[in-house]
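Visitor: The following feature annotations were taken from TrEMBL:
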type	residues	note
DOMAIN	8-178	domain 'Ferritin-like diiron'
BINDING	25, 60, 63, 126, 160	Fe cation binding site
C-alpha cells in the first residue's frame, strides 16, 4: 500500500483509533435504528419515541461519516471492521450485570421494552460513546496531534454531553410519571414531550 502524500503528523495510533470510532458510531446508529422501528411497530405504536430514536440514528451515522472525511483529509486509511463480541461489549454493554448483549454488529435485543427502558439503554450507549471520544482525545494529546484534538472539541465533545443531559432529563421525567408501569403516562410523554403523531 502506497503511503499518502498528504500524511503529516498523523500517528498510526490516532489513525487506528479513528477507525474504531467510525465503527462505534455506525454501531450506535444501528442500535438506534433497531429502537426506532421497535417503537413504530403496530403493537407498540409510540411514534414520538420512534422519531426520537430515528433522529439519533441519523446523527450517529453523520458522526461516523464526519470521522471518515477526517481520516481521508489526514491521509489515513479507512478500515471498516466488524466488531466482535469482546470489542463491542467493552464499549456497548447495556446491561448492569456486565453481560455482553451484542455479537458482531447486531444488537441482541430486538425488543426494547418500555420507553423508559429504551431511554436507559440509550443513555448507557451515549456514555460509552462519550468515553470512547474522551479516550480518543487522550490518544491525540499524547501523540501530539492538535488538529485531531480540535476536531473532537469542535464537533463531538460538547454535543455528546448535551445528548447525555437530554436523555437524563427524559429518564427523570419518565420516572416521575411512573411511565415504566403506567401506559397512559408513557403515551402522554410520547405525544407531548416527543411530539408523537397518532
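Using the three backbone atoms N, Cα and C, a Cβ is placed for every residue, glycine included.
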Visitor: Fewest neighbouring Cβ atoms within 10 Å: which of the binding-site residues 25, 60, 126?
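Guide: Relative to the other binding-site residues in 25, 60, 126, 126 has the fewest Cβ atoms within 10 Å.
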Visitor: What is the Cβ neighbour count of residue 160 (Fe cation binding site) at a 10 Å cut-off, with all protein chains included?
Guide: 20
Visitor: Residue 63 (Fe cation binding site) has how many other Cβ neighbours within 10 Å of its own Cβ?
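Guide: For residue 63 (Fe cation binding site), the count of other Cβ atoms within 10 Å is 23.
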